[in-house]
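Note sheet for the following structure.
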Amino acid sequence: KTLLLTLVVVTIICLDFGYTRICFKTPYVKSETCPPGQELCYTKTWCDRFCSIRGKVIELGCTATCPRAEPKEDTTCCSKDNCNPHP
């Protein structure tokens with residue numbers, strides 16, 4: 001019985017039950033837990049037709065792989081909790 005309990009405890013410690021990343025997400029710029037498998041935070045910015053009035057559009061979120069920046073977009077990724085604050 002003791003051996004079985006020890007094995008269960010060791011298994012739980014080794015599995016770590018899948019830590020998930022915490023990133024800021026838009027539209028509310030809220031710190032949220034990312035879905036399993038999405039271990040990167042990203043920040044994407046671009047200009048829309050109102051750029052000269054209110055600045056660049058900012059998108060924050062979680063991702064499994066860093067999104068490829070399209071023309072006239074800036075994209076950065078990072079791998080620590082809340083490493084993508086609103087610029």
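Yeah, the Cβs are placed from backbone N, Cα and C, and that goes for glycine too.
Of the cysteines Cys14, Cys41, only one is given by Swiss-Prot as the disulfide partner of Cys23: Cys41. The record in Swiss-Prot pairs Cys83 in a disulfide bond with Cys78, which is drawn from Cys77, Cys78. Looking at Cys62, Cys77, the record from Swiss-Prot puts Cys66 in a disulfide bond with Cys77. It is 14 Å from the Cα atom of Cys34 (disulfide bond) to that of Cys66 (disulfide bond).
Annotated pair Cys62 (disulfide bond) and Cys47 (disulfide bond), C-alpha to C-alpha distance, rounded: 21 Å. Within 10 Å of Cys83 (disulfide bond), counting CA to CA, the disulfide-bonded residues Cys47, Cys51, Cys66 contribute nothing. Per-site Cβ counts within 10 Å over the disulfide-bonded residues Cys23, Cys62, Cys66, Cys77 peak at Cys23. When the neighbouring Cβ atoms lying within 10 Å are counted for each of the disulfide-bonded residues (Cys34, Cys41, Cys78, Cys83), the highest count belongs to Cys41.
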